[in-house]
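> Attaching a single structure in structure tokens format; questions to follow.
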């Protein structure tokens with residue numbers, strides 16, 4: 001099929017274009033995708049075959065009903081098989097009791113007992129299931145209780161993106177009540193993920209988070225965690241943006257700070273937003289900001305955050321063999337991965353099965369994301385710069401396969417600001433039109449799809465509040481280009497890699513359990 005066109009002197013690129021957050025929803029209320037002017041995508045949907053792909057729940061290795069996300073989506077896309085996610089693995093471990101015998105977690109507890117020190121549990125206090133899950137925190141609290149620990153402190157990072165913007169007050173109340181019923185754990189600090197979970201090296205944010213944890217110094221102090229959240233709401237801050245707040249005792253001193261010989265368990269399982277704080281604690285060569293204090297701690301990562309750091313991992317990664325990038329490399333094909341900063345890790349690390357390695361023949365291009373506080377201030381983000389560069393790469397004639405991600409619909413969708421999301425959709429549509437035109441001139445074709453939904457639902461239909469989380473809606477996949485493809489059948493994200501290989505005429509490895517979406521009839 002495609003290989004008959006491909007095996008000429010001039011390479012005709014096959015592109016996988018991932019429009020992050022481009023979900024499908026028929027209802028128009030709060031639907032930024034339907035509200036936007038999208039002549040290019042509309043034209044492609046009318047002209048070329050397309051299908052629906054499932055991108056949430058069991059279709060991507062998550063619990064039934066759990067919304068998808070970018071990490072999960074790109075893992076499944078690259079693997080060509082359903083990849084059972086850390087959330088699913090850890091949930092099962094809690095249910096069957098293995099969690100409470102996990103040797104890495106038990107080592108952290110043994111360190112506390114040996115040194116008569118403290119256990120710090122830090123992470124996102126959320127039922128979102130994207131970066132963490134409340135059940136895992138509760139299991140850690142029970143484990144500490146069962147092992148007789150008395151000094152257990154929780155550093156609560158608040159969500160507001162993968163759940164409603166003001167979900168934290170109820171979650172903190174629930175957590176506080178659970179702590180009182182299950183041992184002696186107490187909440188020591190509260191702050192929004194904007195500070196504690198930055199991933200774009202905005203070190204001034206990470207420093208505020210780190211100082212609250214290690215020095216007990218923060219913009220605000222409070223007598224209890226619930227008051228910290230309600231005071232933040234009174235200041236006009238939603239969960240994501242709650243400024244670091246230290247909980248103090250009756251003596252006015254911090255409830256707890258991280259000290260030498262303490263143990264830390266960072267209970268987030270998704271790596272990208274756990275790295276910066278981990279580097280601040282554990283990287284000897286860290287230069288993001290001056291560390292006034294660097295306690296020597298026993299530091300445990302719930303999952304692998306950075307393979308260059310030799311840290312204990314409670315749930316280490318399961319290696320995936322023969323992912324898309326590896327198969328293309330073995331075939332001697334030249335591939336490009338391109339995205340702006342916000343999604344660069346997704347088209348590289350996650351698409352390669354959660355591995356940092358770069359395959360032979362794999363080029364990578366990172367376009368910096370704009371340095372703005374929130375992306376509603378610049379809905380186009382760096383899409384135009386990404387487009388200029390990818391067109392230049394298409395015209396170079398160097399690449400057989402190009403994987404591109406546009407971050408806009410997801411990142412601007414997370415702000416909950418409808419008008420900005422509409423502008424984001426329109427910016428991406430303009431870019432899609434330019435790229436497809438360049439592909440046509442080069443004799444190339446594209447599969448245009450998404451990893452999950454977001455911008456199609458910007459409003460909570462029950463409360464009228466902004467909807468800032470991903471959705472569980474399906475996404476579309478368009479075959480855009482001339483050729484033999486007449487129809488596509490519905491599938492899931494793990495069918496994309498087999499489809500790309502089918503188009504290239506490359507045999508699918510047996511590890512890939514997905515199917516080609518191409519209907520031959």
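From the backbone N, Cα and C atoms, a Cβ is placed for every residue, glycine too.
Because the structure is a prediction, the values reported are computed rather than measured.
Look at Swiss-Prot and you will find 70 tagged as active site, phosphoserine intermediate, backed by sequence analysis. Taken from Swiss-Prot, the feature Mn(2+) 2 binding site covers 20, 70, 451, 452, and the record attributes it to sequence analysis. Summarising the annotation, Swiss-Prot assigns substrate binding site to 131, 161, 162, 193, 199, 270, 271, 272, 273, 343. Here Swiss-Prot flags 410, 414, 470 as Mn(2+) 1 binding site.
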> If you count other Cβ atoms within 10 Å of each one's Cβ, which of the binding-site residues 20, 162, 451 has the most?
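Going through 20, 162, 451 one by one, the largest Cβ count within 10 Å is at 451.
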> Taking the Cβ of residue 273 (substrate binding site) as reference, which residues of that chain separated by at least 6 in sequence fall under 8 Å from it?
131, 193, 197, 198, 199
> Here are the binding-site residues: 199, 414, 452. Which has the lowest count of other Cβ atoms within 10 Å?
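Least crowded of the binding-site residues 199, 414, 452, by Cβ count within 10 Å, is 199.
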> Whole-number Å only: compute the distance from the Cα of residue 414 (Mn(2+) 1 binding site) to the Cα of residue 20 (Mn(2+) 2 binding site).
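About 12 Å separate the Cα atoms of these two residues.
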> How many Å lie between the Cα of residue 451 (Mn(2+) 2 binding site) and the Cα of the residue listed as 'active site, phosphoserine intermediate'?
6
> Cα-Cα, whole number of Å: residue 410 (Mn(2+) 1 binding site) versus residue 20 (Mn(2+) 2 binding site)?
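Residue 20 (Mn(2+) 2 binding site) has its Cα 5 Å from the Cα of residue 410 (Mn(2+) 1 binding site).
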> What recorded positions in the list 20, 70, 452 lie within 10 angstroms of residue 162 (substrate binding site), counting C-alpha atoms?
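Within 10 Å of residue 162 (substrate binding site): none of them.
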> Between residue 20 (Mn(2+) 2 binding site) and residue 470 (Mn(2+) 1 binding site), what C-alpha distance do you get in Å?
10
> Show which residues of the chain containing residue 470 (Mn(2+) 1 binding site), separated from it by at least 6 in sequence, have their CB under 8 Å from its CB.
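Non-local contacts for residue 470 (Mn(2+) 1 binding site): 21, 67, 68, 69, 130, 162, 410, 452, 453, 454.
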> Using the Cβ centroid of 20, 70, 451, 452 as the reference point for the Mn(2+) 2 site, which residues of the same chain not in that list have Cβ within 8 Å?
18, 21, 55, 68, 69, 73, 74, 343, 346, 410, 450, 454, 470
> Through the lens of DSSP with three states only, how would you label residue 410 (Mn(2+) 1 binding site)?
helix
> Please report the Cα separation of residue 271 (substrate binding site) and residue 70 (active site, phosphoserine intermediate) in Å, rounded to an integer.
12
> Name, in the order they occur in the sequence, the residues of the same chain whose CB lies under 8 A from the CB of the residue listed as 'active site, phosphoserine intermediate' and which sit 6 or more residues away.
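Listed in sequence order: 20, 343, 346, 350, 410, 451, 452.
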